[in-house]
Amino acid sequence: MSPKFMFFSIIAVWSCAAVTEALFIQHRSLANFFFMTLTAAKRSPQEYDGYGNYCGWGGEGTPVDSIDRCCQVHDNCYGTVNENECGHYIRNVKLIDYDWHMEGTEIVCDPKDDACGRALCKCDKDIIDCFNENDKDYNPEYNKVIG
């Protein structure tokens, strides 16, 4: 086997392993917010994804209503947590796992998580509470994905 072939084979295997690990971490961590929404929000996660200017990936402009404002606050919360509690992590805070559970209708963040995990859980808990408090303002026409 030529050294060149061996080198490119190692690079290919390493690249595939890195991508697989990144996808696993992202799937696991984004699952927290997905399942929290699925479990505790009045609407499905799909009804919020792509809603207004801030719900989903990215965000800019003026929120279209109180639901979209919840997403803007959530984006800002993640930004603040990324700079403060999670500042020691190299990767994006959206990829960090945390534990939570339900007690009745209340979301409870695991106090055993580190400061970063607890803060991220609180960001996600707060947006679910905000969604539920403002559910009357939900307008399907603002959902770019399903509306």
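One is the number of the first residue shown, and numbering goes on along the chain from there.
Glycine too: its Cβ is placed from the backbone N, Cα and C atoms.
Keep in mind that this is a model prediction, so the values were computed, not measured.
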Given Swiss-Prot lists Gly56, Gly58 for Ca(2+), the same-site residue among Asp65, Asp75:
Asp75
In Swiss-Prot, Cys109 is paired in a disulfide bond with which of Cys116, Cys121?
Cys121
Taking Swiss-Prot as the reference, Cys130 is linked by a disulphide to which residue in Cys70, Cys71, Cys77?
Cys70
Applying a 10 Å Cβ distance cut-off over all chains shown, what neighbour count does Cys123 (disulfide bond) have?
21
May I ask for the distance between Cys123 (disulfide bond) and His74 (active site), taken between their Cα atoms and rounded to an integer number of Å?
6
A correct count of other C-beta atoms within 10 Å of the C-beta of Cys109 (disulfide bond) gives 20
C-alpha spacing of Cys116 (disulfide bond) relative to Cys77 (disulfide bond), in angstrom
12
